[in-house]
Amino acid sequence: MASQSLRPLIAPSILSADFARLGEEVAAVARDGETRADWVHVDVMDNHFVPNLTLGLPVVESLRKVADVPLDCHLMIENPDKWAPGYAEAGAYNVTVHAEAAHDPVMLAKNLRAAGAKAGLSVKPGTPLEGHLDTLKHYDTLLVMSVEPGFGGQSFIPDVLEKVRTARRLVDTGHLRLVVEIDGGINADTIEQAAEAGVDCFVAGSAVYGAEDPGRAVAALRDQAAGARPAH
Ligand code: DX5
Ligand code: ZN
C-alpha cells in the first residue's frame with residue numbers, strides 16, 4: 001500500500017527570495033543537514049494565466065547549474081502543453097502545470113516524463129479534484145493551491161484541505177500514486193493542519209525567505225509537519 005513519504009518534504013519558494021541574489025538564496029537552503037530543502041520551488045508566471053510576471057526558462061537553466069537541489073517548477077502559464085517540456089529538458093526535477101490551463105494533460109504528462117522529469121498537476125482553490133482523477137493516474141505529483149496563484153504572502157485557504165484528504169485517501173488505498181503537495185500560505189501557524197490532512201510536500205515562500213535564517217526555517221517547518229502527521 002502506498003503511503004506518505006517517510007518524512008515531510010519542504011520546498012522553499014524562491015518567489016519570496018531576492019531575485020538579484022538568486023544563487024545565494026538557493027544556496028542558503030541547500031547546505032547538507034537538517035536545514036537543507038528537499039526541493040526548491042520555482043514559480044513561473046506569464047502575466048496571462050496569472051496577473052504577475054516572474055521568470056522563465058533561462059533562469060531555470062542557470063539555477064540548475066548552480067543548485068544541487070531538485071528544482072520543482074510550478075508553471076502558472078497558458079499553453080503549458082507547448083512550454084512545459086522545455087523545463088523538463090532543462091533538468092527540472094518536477095514540472096507542474098495547471099489543470100485549468102492544460103489542453104491535453106495526459107499527453108503532456110507523457111511528454112514531461114519522456115523528457116526526464118516528474119509530472120505535476122496543480123489545481124487552483126476553486127477547482128474540484130473530481131474532474132481530474134483519471135488524469136492524475138498519469139501524474140507523479142498533485143499540487144493543491146491553498147491561495148489564488150499569482151503572489152506570495154497571501155493567507156492560507158483551509159477549505160482546500162478537503163481535496164488533500166481526498167487525494168491522501170486515494171493514494172493510501174492504492175488508487176493513485178502521487179506526492180501530495182500544497183502551496184500558498186504555509187507557515188508555522190498553518191503547516192500542522194496541512195500535515196494532519198495528509199500533505200507530503202510543503203511549499204513555503206515568505207515563511208522561509210522572510211525568516212532571518214532560511215535554512216533554520218526549513219528545519220523548523222519540517223519538524224512541525226513531522227509532529228503533526230497522522231500515525232500509520
Ligand atoms: C503563489 C505561488 C507560491 C508562493 C507561495 O502563486 O505559487 O509558490 O510563492 O508563497 P507563500 O508561501 O508566501 O504563500
Ligand atoms: Zn508555487
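Each Cβ is built from the backbone N, Cα and C atoms, and glycine gets one as well.
The Cβ of Ser206 (substrate binding site) lies under 8 Å from the Cβ of Ser16, Gly152, Gly153, Asn187, each of these being in the same chain and 6 or more residues away along the sequence. Taken from TrEMBL, the feature substrate binding site applies to Ser13, His74, Gly150, Phe151, Gly152, Gly153, Asp183, Gly184, Gly185, Gly205, Ser206.
The divalent metal cation binding site annotation in TrEMBL covers His41, Asp43, His74, Asp183. In the three-state DSSP scheme, His74 (divalent metal cation binding site) falls into the strand class.
Non-local neighbourhood of Asp43 (divalent metal cation binding site): Ser13, Ile14, Leu15, Thr54, His74, Met76, Gly152, Gly205, each in the same chain, at least six residues away, with C-beta under 8 Å from its C-beta. According to TrEMBL, the feature active site, proton acceptor maps to Asp43.
For Asp183, the entry in TrEMBL reads active site, proton donor. Of all the Cβ atoms in the protein chains shown, 26 others lie within 10 Å of the Cβ of Asp183 (substrate binding site).
The two recorded residues Asp183 (substrate binding site) and His41 (divalent metal cation binding site) have their Cα atoms spaced 10 Å from each other. Filtering His74, Gly150, Gly152, Asp183, Gly185, Ser206 by Cβ distance to ligand 2 (under 6 A) retains the following binding-site residues: His74, Asp183. Rounded to a whole number, the distance between the Cα atoms of Gly150 (substrate binding site) and His41 (divalent metal cation binding site) is 14 Å. Less than 8 angstroms from the CB of Gly150 (substrate binding site) sit Met45, Val50, Pro51, Asn52, Met76, each of them six or more residues away in the same chain.
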